Amino acid sequence: MKNCIAAIPEVKEMVEKAKLKGIETPHTRFPNQFPKCPYGLKGVYCILCANGPCRITEKTPYGVCGATADVIVARNLCRAVAAGTSCYVHCAENAARALLSAGKGEGSYEIRNEKKLKFLAKKLGFDANKDAKQLAVEVAEFILDDMYKPRWEKSELVPKLCPEKRLEVFEKLDILPGGAKGEIVDALTKTSTNLNSNPMDLLVHCLRLGLHAGFTGLLMTCWLNDILFGSPKITVVENGFSSVKPNNVNIMITGHQHALIQPLCEAAMEEDLIKMAKEAGADEIKIIGATCNGQDMETRIAHLPESFVGYIANNFTTEPLVATGLIDAVVSEFNCTFHGLKFVAEKTKTKLICIDDMAYVEGAEYIPWEPENAKEKAREIIKKAIEAFKERKGMQKDYYDEKVKSVVGVGEESLVEFLGGSVKPLIELIASGKIKGVVGVVGCSNLASGGHDNIIVTLTKELIKRDILVLAGGCVNSPLKHAGLFDPASAELAGENLKEVCKSLGIPPVLNFGACLSIARIEQVAVAIAEELGVDIPDLPVAASAPQWLEEQALADATYAVDMGFTVHVSPVPFVTGSELVTKVLTEAVEGLTGGKLIPEPNPYKAADLLEQTIMEKRKKLGI
């Protein structure tokens, strides 16, 4: 591999410099994994028992147990969606624990957004006029209790969060789930050896899991963090790789859980720790936002202390960034925390610290987070980072003088506030044709779809060129940010109509909604538009794209989106094509049930055609 295939030049240079230092990154490991297993790519492999591995071919259409391609593919998919759902539920669980501690007055967490607390309490059926702390305890306990219900007890949380028209669909299909953890455990049970061999039942279970991924996981994590730390506020920032300065104690965070990292940002501003850092030869202590947590925090950067520099790196940029020598410590609390960080850190003498054992990297020091001791643990971590800074003196540090202007902090509330209090102005722009429609470009990045971030940037530019407004959330935001697409000046790249809209409002044609958790916020915008028009989500000229999905959480995201009635473009093609049944259900038949479906398409230009076609068909049906 002569050159690193990456959309952002600085990342490409980081990888090349890492190679010269003898440091491997995902970009250099990826080519070594070819050729890929064709059975794995199609999903027709099974390793569930000692008779395996079994693979399905024309000559051997059954596994030893008799499992068909349909069964094996559906089973693998259900397991993946269950795992992805469990990840999001874990994040919501810890956020609820933080809120519970705030309500009980135990630890350092506070209720900073009583308005959002009362909004959520009312939605869940509580008397919103109660004392805020009492309300916080009741809301947190309700959410946690709902998570822990068995599958045979219906979730109360999901129906209370569902839009009315979607709830009718879910009731008709009988896919309203039981408790989140019960659904996840039973999905693992029924996909074990010689148990469920009904592919349709397994796919229906995916739909139930998707509702928990979206409502219990994504939406609850967003809203609980809003209560604890403030809702996203539209803000203009200027940051980039230049924010990672060689003379600072730089602590990079990886994960999804704002609740676990907020105390770190606050501790980095404490005078005694700043004094300690200066005595070690540093100028300041800075928290470097990476992966989804960095984005989630940047949406609230208006509420955060100056120690947080902003969102700098997505999943596949973390190892190259550590390889620059600029990072003194990495604090992991969830994915995307790449295992290769161990090997990079060994070369750069970077300190690895884990605060949630879900992201326990080999070689990391484990300092467990608990809501009650979060402040003390944060101080301990910063002291270790300062010590690492001292020990790393003389280490080569490759500084990048890159800075971009970005509009951040867009959310379902801040967008409506910007529009004057309702979504009507957006509806009018869509109805007039100034904006053809809206596409949520969301999710991960990968190396398999045209290289690191390439399809994300190409597809997004192609969509805005066609007067389609893009709402972005997830690791996609790193290349979109570094490519300048969150800068209002990028309106010049949009089609004439969208350009005019953006210039008149002073906004970019790509709106940064933050983390992959914010997929729920994008969905809430669609809900608001649908309710204003009195229609259901599948009727709207909106769609979604996961142009470089990577992991099981992305499959849970896609399932949630299909539940909600979105047409969802995905690349690469999921590992399901070995089953004609599963492929047909996901790309065709499910549309007749929920109104949503998947469109697999690896070519970004063809994907843009398909998404535009979807939007134009919806416009035609609405008569606009």
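Backbone N, Cα and C atoms are what each Cβ position is placed from, and that goes for glycine too.
Swiss-Prot lists Cys46, Cys49, Cys54 as [4Fe-4S] cluster 2-binding residues, and of the candidates Cys65, Cys78 the one it assigns to that same site is Cys65. Checking the candidates Cys162, Cys206, Cys222, Cys475 against Swiss-Prot: the one annotated together with His256, Cys292, Cys336, Cys444, Cys516 at the [Ni-4Fe-5S] cluster site is Cys475. Checked against Cys37 ([4Fe-4S] cluster 1 binding site), the binding-site residues Cys54, Cys292, Cys444, Cys475 differ in C-alpha distance, with Cys54 being the nearest. Cα-Cα distance from Cys46 ([4Fe-4S] cluster 2 binding site) to Cys292 ([Ni-4Fe-5S] cluster binding site): 32 Å (rounded to the nearest whole number).
For the recorded [4Fe-4S] cluster 2 site, residues Cys46, Cys49, Cys54, Cys65 set the reference point as the centre of their Cβ atoms, and the other residues of that chain within 8 Å of it by Cβ are Ile47, Leu48, Asn51, Gly52, Pro53, Gly63, Val64, Ala67, Ile72, Thr193. It is Cys336 that, of the binding-site residues Cys65, Cys336, has its Cβ surrounded by the most other Cβ atoms within 10 Å. Secondary structure from DSSP puts Cys516 ([Ni-4Fe-5S] cluster binding site) in a helix. Of all the binding-site residues listed here (Cys54, Cys292, Cys475, Cys516), the one with the fewest other CB atoms within 10 A of its own CB is Cys54.
Summary of the [Ni-4Fe-5S] cluster site environment: with the site residues His256, Cys292, Cys336, Cys444, Cys475, Cys516 set aside, the chain residues having Cβ atoms within 8 Å of the Cβ mean position are Thr291, Gln295, Asn314, Asn315, Asn335, Gly443, Gly474, Ala515, Gln553.
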